[in-house]
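Q: Marked as domain 'VOC 1' by Swiss-Prot on the basis of sequence analysis: 12-132. Per Swiss-Prot, domain 'VOC 2' is recorded for 162-313. Look at Swiss-Prot and you will find 165, 243, 322 tagged as Fe cation binding site.
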């Protein structure tokens, strides 16, 4: 519903778009998504683009020559070049965004192709507005589905079913700029604020959410020039989407299946699990299973329930994925932020990026 509270009429994420600079990079993206349980179900009718799907999650791999995706890949390498919001009326959403300072992305539309309005978002990536979703979707027009798409979906699924949140890394001094961007165009509001200090570096983060409650975007900014946020920006050659969090209802089974398929996750020190019972009192999870699979748990505060989460290693340049299961907790793992931050920091020390002298 479009109103003063929800001026874009948002209703969740529709897709995330990925690209790479060459065929090898594109094939690596396809292999990665297959490993994550996504099925390639369709190809664009007129472009070099493919649709990967799992549950209600849509990933688009874009290798179209002479496109925004190609230009984006020249700068960033394998990367996230766009994301789409579900909205009630795409044309109305575009008009509202432009009125409030967004810059329109304009491109030529091919024959028999839908015009999907878009503006420039984080790091020059695109933010699309999509008002055809669900049973009548944009893919029905622009893509040709494979005859065995249903079988592919059933065979590949690991239990992931929606995008929980999508995190930005920005340059120092730009966190409020991008928070303001989402406030202006979509009346997003800050629901969490973090100030995390590791042993040697730190970050601050503002978690923004859309009025519909289905689009959550934490925005991270470094406190110094050596943190993992700054390293991301150097490697990515700019600001961008740091990670995509995907929801499951059975994180134990999902993670076990992903590990069996060869997915690598960020390491968590044993000492983390020694402190779980005291840090999250009354959680009722099997700590031995958490430890075996290296799943993180948080309940800050416990009265709001708990959440379980785990992070892959970086898999698209410096971009990674999060697997999350919420059991009443709508946070972002605040209690795990510091543990994870220090885990990445220890990896930076091992790689010589930080000097623990």
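Keep in mind that glycine also has a Cβ here, set from the backbone N, Cα and C atoms.
Worth saying up front: this structure is predicted, and the values here are computed from it rather than measured.
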Q: Other than 165, 243, 322, which residues of the same chain sit close to Fe cation? List them in sequence order, counting a residue when its Cβ is within 8 Å of the Cβ centroid of the site.
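A: Apart from 165, 243, 322, the close residues are 164, 166, 167, 218, 242, 244, 245, 246, 311, 321, 324.
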Q: Let me know the model's mean pLDDT on the domain 'VOC 1' (12-132).
A: 97
Q: Just counting, how many other CB atoms are there within 10 A of the CB of residue 165 (Fe cation binding site)?
A: 21
Q: Mind giving me a neighbour count for residue 243 (Fe cation binding site)? Other Cβ atoms within 10 Å of its Cβ, every protein chain shown.
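A: I get 24 for this one.
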Q: Non-local Cβ contacts of residue 322 (Fe cation binding site) (under 8 Å, 6 or more apart, same chain)?
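A: Those within reach of residue 322 (Fe cation binding site), by Cβ under 8 Å and sequence separation of 6 or more, are 164, 243, 244, 245, 246, 309, 310, 311, 312.
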